[in-house]
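Some features that TrEMBL has for this protein:
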COMPBIAS  35-58  compositional bias 'Pro residues'
REGION    1-65  region 'Disordered'
TRANSMEM  87-108  transmembrane segment
TRANSMEM  128-153  transmembrane segment
TRANSMEM  174-194  transmembrane segment
TRANSMEM  200-220  transmembrane segment
TRANSMEM  232-252  transmembrane segment
TRANSMEM  258-281  transmembrane segment
């Protein structure tokens, strides 16, 4: 005769809390079952994969990836604002560059040296100096040195687009001197050869120098050699000829205004024009001036 359990108690070996699911056996290897981990974060590549290579950089002259259309009026306004905040440094730099350029011309230019020896009380004493190989070589050396001196303004203008305030040292911290000298030689040779071509030579000089507008900036800013910088400038100008034409016209207008104001105006208009050109250069290569 079997004994019945007391009233209110479940039979022996019976779960007092009702039926439960059987326990899940552990997965092979002692790890939790699949699905117990959250999916990998989106910041990591899938297992066994490798991150894709970064996209190739666009060559100089490719359309800017950001920044919107370049407006010459905005460039001139930018130049004026930057000049106002650094007027003392820019005026001093222009004076120093002008003095150095005058000294170089006086030493290396046969025409300037001839004018220094003229007796202005006797107009008949004025003579055009004969062109010799020595004087031509001296003049060529002077032209290259003048090109380097004039590049100091581009150094300052490019530095101005990188930071809010510039110092006089930014103008004389010459970068890629060899590239600047070689570029001056190449441009000088091109102009010299074309000067002997009647009529079309002068037109060709204008066209070529138009496409070389940013060659010096590529040499200074990107450290390119002369030939690479010439190609970079050609592509950049060819992609935005209208903007470059308007920029050159603005520079010519500012220069004329400086001369009209008894040359003293050049202490203001020359810096504005230099900074405006650097601004356009930065925007056309896809960089944002500060």
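Cβ from N, Cα, C; glycine included.
Same-chain residues lying 6+ beyond the ends of the transmembrane segment (174-194) with a Cβ under 8 Å from its Cβ atoms: 140, 143-144, 147-148, 151-152, 155, 201-202, 204-205, 208-209, 212, 215-216, 219-220, 223-227, 229-230.
Listed by sequence, the residues of this chain that lie at least six past the ends of the transmembrane segment (200-220) yet keep a Cβ under 8 A from its Cβ atoms are 60, 151, 154-155, 158, 175-176, 179-180, 183, 187, 190-191, 194, 226, 228-230, 232-234, 236-238, 244-245, 247-248, 277-278, 281, 284.
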